[in-house]
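> Below you will find the structure I want to go over with you.
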Amino acid sequence: MFDAKAFLADVPHLPGVYRMYDAKNTIIYVGKAKDLKKRLSSYFRSQLASKKTEALVANIHHIETTITHSETEALLLEHNYIKENQPKYNVLLRDDKSYPYILLTKHQHPRITSFRGSKKVAGEYFGPYPNAGAVRETLNLLQKLFPIRQCEDSYYKNRSRPCLQYQIGRCLAPCVEGYYSQAEYDNQVNLVRLFLQGKDGQVVEHLVQKMENAAQELDFEAAARFRDQIQSVRAVQEKQFVSNERLDDLDIISIAYQHGIACVHILFVRHGKVLGNRSYFPKVPNNTDLSELADTFVGQFYLQMNQHRTIPNQIIIDQSLSEVTALANVLSEQAGHKVSIADKNIRGDKSRYLALAKTNAEAALTLQLKQDTHIRQRYDSLKALLNLAEIKRMECFDISHTMGNQTVASCVVFDKNGPLKSDYRRFNIEGITGGDDYAAMEQALLKLYDRNLEEEKIPDIIFIDGGKGQLNRALETFTSLNVSWDKRKPLLVGVAKGVERKAGLETLLISKWDKEIHLPPDSPALHLIQHIRDESHNHAITGHRKKRQKAFTESGLESIAGVGAKRRQALLKYLGGMQGVKAATLEEIQSVPGISKQLAEVIFDTLQHS
């Protein structure tokens, strides 16, 4: 039993971070404090603040502390520990994806494109946008308003004539000389920059001046082009909310919390424009109060993933934060500019946006609660069907290939809350006869299970997408395993599609019962199985398509001896891309600079037989 009195005797009155461990030496909670002794002493009073704290203290085996120079340093260290260890009793932000941006590259003829990840590519970044769909929508709009290129560099460098985008007025064709000047292209790039910075008025003023100049020079075709561009920009302005006050860069956060489930909704405003919104559902330990949730979420959201996220000038939230000043100081240091946090007395247009965020948070939470109810119903139905007391982990396998080529196996994982995408796996299947799905399934199962597994990674159910043959092969594979964990624990279930391969007509083959089950189409258990099976199928197909595309590309030029990067580029440039190379005659290939007659014959023969 943990001796709190002896431990507290040696804890100093200094700022720092503490880590609480259970009997398995697993970190179950991470916290910080201005005064470690006072904070840690509060856990061992006779009357504790909440049931959550009681449960936490009951599981403490030992505590470690780290003294820091300041509360600010403690705040950073705390969130690093939380991100690394994902403690059971901390509020955890489950979303760990980087956010997409719009990138304006630093080329002679800049390209505008979407970008996600660390900002290593030279250029100007605009965002972040809440999702890839918002970026695509903005890029489509920009292409209609400003005709600058969005194509890949490899495509741009190998053009000998303008592409379709030029023909329909969506690009100035900078890839080919003689169509537009560098100055004209630079002008459109500058308009894109102004538009993305929220300076729509300057864009219109600039275009009006250009239109008037063209009219004075009697270049009525150019004047008409500028007129159409002005009308398009103004049409966009009319659809967007125009604020009476300058909003600049800010995030507006509202939290809705019911029945142990929280929704944090964020509106992203950049350069005075709302780029979009997004809802988050952090993992919240039982009996967590709202103030702790607000403090922890804001810290995690901006500190744990700051390398991929732009920290705005201001953060507005509808919950009081206990450490506003300390958090603002840390964020300012991380962002390289002053960051203010407002958690009260919000007025003007900002209050309108905060109300909008609150409405969205409550609506998203209501929907999530309904979905959770449906998920629980499906799980309860499946437990009853299979006569299982509990289902902690389910895995499902599927095989995908084209005529036996580029075979890929997938494994998806579900728990009682739905998909565990961080545990999804794909396996490249090699060394088997093409189209042998049984051998492919065996190889996938061996790759995943023929090794030591932690107790929590052992599935309760393994679904095999296939009939009796696939299931029997899976059973044989499990029998052959020589592992330390209990290989008899997983229940293997085959999911056969039926004669007409229609959803709702599946047959379940239960390994331990040696019997088939036909469920009615409205069965909640069947709906859960279909969801898992479809997720596995989609995961396998996605992996297979990537592998097939890679094989298709490499079957062209990369695999031919004597064709390096320069010759490959010359072939693509002179023959009009890969399709042109494949359609070219021997004489046409030989006419490409740097390609000898002998090499042309090798290229021609390889492509004809690939």
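Note that Cβ sites are derived from N, Cα and C of the backbone, with glycine treated the same way.
Residues or ranges marked as domain 'GIY-YIG' by Swiss-Prot on the basis of sequence analysis: 13-91. The feature domain 'UVR' is assigned by Swiss-Prot to 201-236, with sequence analysis given as support.
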> Could you tell me what the rest of the chain brings near the domain 'UVR' (201-236), counting residues at least six beyond its ends with Cβ under 8 Å?
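Beyond its ends, the domain 'UVR' (201-236) has Cβ neighbours at 141, 144-146, 187, 190-191, 194-195.
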> Just give the helix, strand and coil counts over the domain 'GIY-YIG' (13-91), going by DSSP.
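Summed over the domain 'GIY-YIG' (13-91), the classes give 32 helix, 19 strand, 28 coil.
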> Would you mind splitting the domain 'UVR' (201-236) into helix, strand and coil residue counts from DSSP?
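The composition, in the requested order, is 33 helix, 0 strand, 3 coil.
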